[in-house]
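Below: one structure, written as structure tokens.
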Amino acid sequence: MEEEEDGGGGGEAGSEAAAGGGGRGGLAGMWDRLRGSRAAGGGRSAAAMAQRGAEGGERGPAEEGGEGEPRTGAEKGPSGAAAPFQPPEGGFGWVVVFAAAWCNGSIFGIHNSFGIIYTMLQNDLGEGEKDPTLEFKTAWVGSLAMGMIFFCSPIVSIFTDRIGCRTTAALGAAIAFIGLLSSSFTKSLEVRYFTYGLLFGCGSSFAFQPSLVILGHYFKRRLGLANGIVAGSSCLISVPLPFFLKMVGKAIGLAHTFQVLSALMLIQIFLSLTYRPLLPPSCDSQHDGQDKLGSRSVRQQCWAQMRKYFNLRVFRRKTYRIWAFGIATAVLGYFVPYMHLVKYVEKEFGETKKDWILPVCLGGMSGLGRLISGRIGDCIPGLKKIYLQVASFVLFGIMCMMIPQCRGFEAVIVICLFLGLCDGCFTTIMAPIAFELVGPMQASQAIGYLMGLMAVPMTAGTPIAGYFNDYFQNYHAGFYFAGVPPIVGGLVLSIVPLVHQRMLQKQRLDSGKDKMLTPEAVVNGTHGVDESILQNLP
């Protein structure tokens, strides 16, 4: 090729000029060396342009990829590098949205309706007056199940990355189905700690988390809307479920009620099969690193495998660390209103007939908030979505602290409407923010570790509020306590976009300095020296 030969000649001439310049001393020798570098750079540029032209001629139109078809992470762009993944923004993704909505509604509908199951468990044992600690013991059945959802999340992230969303979700739904079905064949409270608390709780975690991750495979521009539809549609199942359980429990008993609930998980097993992944697995290929592992000791191999499966790369991002810490702080008192509101109105206002209105208002407004916030989140660019979470947490905390100021049952209902709205906004926007912070390839790990961090404060908040209730003999201190962490956590979250912006500015500044110092980025290889000076040199 003539262009390559010209380029090679330019490189040789540059080498000779550099060699000649090396024999001269002083300023003139330096100019000669600069002129030699310029000639060598020109030769390399000509050769590179010729090679790119040859590659461009060999590439056919079929390899460019259709404009209307989404690209997967494995496709290559015109330069040979991996092209950015483009989700289809719909299509089969709406089937996945329906499956995820069923998953969210059935799982959290059962968990949020544990108050009905709690009463049925006590009646089934028939020892309410004999054992004064029966209520405490029975409460652990539901507490274990709810806690397992969050405690298992980091492990679920590993399974999701290694075996995919579809297999993980189907496996979790099967475990939850076995847990609920086996709970119907025993009356022992200790056995139900295992069947309902551990099996159903662990299965719920494995089934729920992939439903958040798989949406990022099908949506990006509409991800907030998809999450809002999933979260809002799930309320169509979770809101009426307490009434359904109360009616069915009286008619067929607790054992058969568990069997009916297990049917919801059986349906979820088949719906999980729709989680067809579009992104390639984030883990390395099976053959990657095998030679390196073979030359290491057993201890080094074990450590390498541990680092491979327990991927902590998301914590290297400063913005993710601040975001996770802020949310973990905010949820310390998050479930206090859900646990104590019904008891509060019974004690303060003597309301026992209409107390069911409170959880209905919480659930209904949560569904509406999820739909609204999902659409709003799509209109907010980048990490500015976090400000929606900030507003939700701050308003949630203020509403909690206003509960003791209510002078009537109707005022508490208004508070519940705002609490449900804030809950919907926080829940829906969590997954889109995770995708913005770490990208789609590490979103599963980010969500899993976040939920794992949420487990301890979310579990500890309600007992702390209960301790305040016992100590002060009223619920006021508990609600004041519940309002402080969301406000503090919201203020912490507000600095995440600011930190992200500063990091971007610093990165641009560093890249600008690198371009000034790198020879390939210097115009004509002159390193900023005026070309007229070089031409006037002897």
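Using N, Cα and C of the backbone, Cβ positions are placed for all residues, glycine too.
The annotation region 'Disordered' is assigned in TrEMBL to 1-85.
Annotation comment: TrEMBL describes 8-28 as compositional bias 'Gly residues'.
Here TrEMBL flags 55-74 as compositional bias 'Basic and acidic residues'.
Taken from TrEMBL, the feature transmembrane segment covers 92-118 (among others).
Away from its own ends, the transmembrane segment (138-156) comes close to residues 111, 114, 117-118, 121-122, 125, 168, 172, 189, 192-193, 196-198, 200-202, 204-206, 208-210, 310, 447-452, 454-455, 458-459 of its chain (Cβ-Cβ under 8 Å, at least six residues beyond either end). What TrEMBL lists as transmembrane segment is 138-156 (among others).
Marked as transmembrane segment by TrEMBL: 163-181 (among others).
Remote same-chain residues near the transmembrane segment (193-216) are listed as 87, 93, 96-97, 99-100, 103-104, 107-108, 110-111, 140-153, 156-157, 159-160, 165-166, 168-169, 171-180, 182-183, 186, 223, 226-227, 230, 258, 265, 268, 272, 275, 277, 279, 430-431, 435, 440, 443-444, 447-448, 451 (criterion: CB distance under 8 Å, separation of at least six residues from the stretch ends). Taken from TrEMBL, the feature transmembrane segment covers 193-216 (among others).
Same-chain residues lying 6 or more positions outside the transmembrane segment (223-245) and placing a CB less than 8 Å from one of its CB atoms are 93, 97-98, 100-106, 108-110, 112-113, 115-117, 120, 211-212, 215-216, 257, 356, 359-360, 363-364, 366-368, 370-378, 385, 424, 427-429, 431-432, 435. The transmembrane segment annotation in TrEMBL covers 223-245 (among others).
TrEMBL lists 251-271 (among others) with the feature transmembrane segment. Using a Cβ-Cβ cut-off under 8 Å and counting only residues 6 or more beyond its ends in the same chain, the transmembrane segment (251-271) has close neighbours at 98-99, 102-103, 106-107, 110, 117, 120-121, 123-124, 169-170, 173-174, 176-177, 180-181, 183-185, 196, 203, 207, 245.
What TrEMBL lists as transmembrane segment is 320-336 (among others).
As annotated by TrEMBL, transmembrane segment applies to 356-374 (among others).
The transmembrane segment annotation in TrEMBL covers 386-405 (among others).
Same-chain neighbours of the transmembrane segment (411-435): 212-213, 215-216, 220, 223-224, 227-228, 231-232, 323, 327, 337, 341, 344-345, 349, 357-358, 361-374, 377, 383, 385-386, 388-389, 391-393, 395-396, 399-400, 402-403, 443, 446-447, 450, counting only residues six or more beyond its ends whose CB sits under 8 Å from a CB of the stretch. If you look up TrEMBL, you'll see 411-435 (among others) marked as transmembrane segment.
Per TrEMBL, transmembrane segment is recorded for 447-468 (among others).
Look at TrEMBL and you will find 480-499 (among others) tagged as transmembrane segment.
Sequence-distant contacts of the transmembrane segment (386-405) (same chain, at least 6 residues past either end, Cβ-Cβ under 8 Å): 323, 327, 330, 333-334, 336-337, 341, 344, 373, 376-377, 380, 412, 415, 418-419, 422-423, 425-426, 429-430, 433, 475-476, 479-480, 482-487, 489-491, 493-494, 496-497.
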